[in-house]
Amino acid sequence: MASRGRPRPGSLQALASVLLILAAASAALAAGSPDRPAPGPPLFLPLTRSYPNASRLAASLRRGLGDATHPNARMRLHDDLLTNGYYTTRLYIGTPPQEFALIVDSGSTVTYVPCASCEQCGNHQDPRFQPDLSSTYSPVKCNVDCTCDNDKKQCTYERQYAEMSSSSGVLGEDIVSFGRESELKPQRAVFGCENSETGDLFSQHADGIMGLGRGQLSIMDQLVDKGVISDSFSLCYGGMDVGGGAMVLGGLPSPSDMVFSHSDPVRSPYYNIELKEIHVAGKALRVDPRIFDSKHGTVLDSGTTYAYLPEQAFVAFKDAVTSKVHSLKKIRGPDPNYKDICFAGAGRNVSRLHESFPDVDMVFGNGQKLSLTPENYLFRRLHIGGAPSPAPSSDTGSQADMSPAPAPSGLPEFDVGLITVDMSINVTYPNLKPHLHELAELLAKELEIDSRQVRVINVTSQGNSTLIRWGIFPAGPDNAMSNATAMGIIYRLTQHHVQLPENLGSYQLLEWNVQPLSRRSWFQEHVVSILLGILLVVLVTLSALLVVLVWRKKFSGQTAYRPVDSAVPEQELQPL
């Protein structure tokens, strides 16, 4: 699973590379048994949850994925790996509801949001949670089952992550809602109200974490214990060039093409699968199958951007893929601190990556295979820019969650000179043409930039729709746009923050590109001025010559004045 970049414990070592396996929409992995109900639509990818407790484990195995006796919570996923490094969903807490964008993390056990009283919290996507404004909020009072605050009045929580970020605060209970698309009614649940956050948690755009892992404070455990949903949840990611996705808390019929792998809830607090082999272009890697089975085993985690392999397996995987890639140029990665494996020349069309890269099969303990096309195991750099590789870090102990990790900035630290955006609008060109200026101003307003920065580069009519290429230029006199400003613009575009009026229909973002500021020489920057100066000198010179010629011509034809006593030739007298 994929979302934020964090090394996992045990044999899943932190190996920085662009050739890292990503589980996207096609990666239909589930923990459980293959004897399931009739297939349903393959939109959601279920993961059956289970517990170390034997009685609960037996109950979990009996439940299965399809459970028509309980409603489920269907929730949209937002964001993507390329620009954010994680996926988020919207959760509503309190009465009236306060909205939060939370990273979907199956490797964490606590759901938490910044508290209004927090003195060390960053600036995130939404306002902080205000307990005083919720009529249904109540603190979790200090008891023997929790760690208490200094006043011994309220329970607290604390979580540390592998890259040394942390979150701590108090525990509260309130009404939690799951959005309009959810069948599940709002429920009371315990969550964390942050009073302090450090590291990447402080700087991330998302508000907090939605913990889907196994544990008493997990939102899943709480809902299952209440008996309001069945003991399973599902995640489906949009994949490369799409983003977003869907999540279902609760059961649903399993897709017919789902690949099942057993998960042992006793050996690990994380969701693990029985990975035995990896095949590249149909040929198995020459590694001992036991290499995938040490400590926590192979862990599925929606809170990790990259997938990590033991070093021996990664080297074999890298060599096998590289040996099949002949037509592309091998280049250096975006971060000089890591020896990333990158290739150039494959083009931007994701559907054609298979022409250059081999397919990969993951083989599980029951012999079933999950086939991954190249877009499921490659991480694409953002055109000129690229997502940095995460720094390796060590396990901080069994008490600590291993996610989330820093969201990639998406672009290297260069001065941006131009952002181009290709957009399809479902309005014919004749109907759209009179509104182009209005549309440019609207786009600038939604992107929070000056309207003079947005210009139409090209417009093409395409049946009942119109293709527009926009150019977004820097605003300042230095003719440069900062990395942060560019990423903010890209984020608003990819998350469809731009809302068009009804008469302009809806739009689809086809592609965007970032171009660095052109570094030109003094002559290149002033070539126009130099040419104008030369032209002006030429014109002045020609004008002066023309004046001289006219003056000479004017006076050369006139008779010169002669004095009276000057000598003159005699003239022959003419007869009268």
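Glycine is no exception: its Cβ is also placed from the backbone N, Cα and C atoms.
According to TrEMBL, the features are:
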SIGNAL    1-30  signal peptide
DOMAIN    87-424  domain 'Peptidase A1'
ACT_SITE  D105  active site
ACT_SITE  D301  active site
REGION    388-407  region 'Disordered'
COMPBIAS  392-401  compositional bias 'Polar residues'
TRANSMEM  527-551  transmembrane segment
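Its Cβ taken as reference, D105 (active site) is surrounded by 30 other Cβ atoms within 10 Å in the chains shown. Looking at D105 (active site) and D301 (active site), their Cα atoms lie 7 Å from each other. Counting every protein chain shown, 28 other Cβ atoms lie within 10 Å of the Cβ of D301 (active site).
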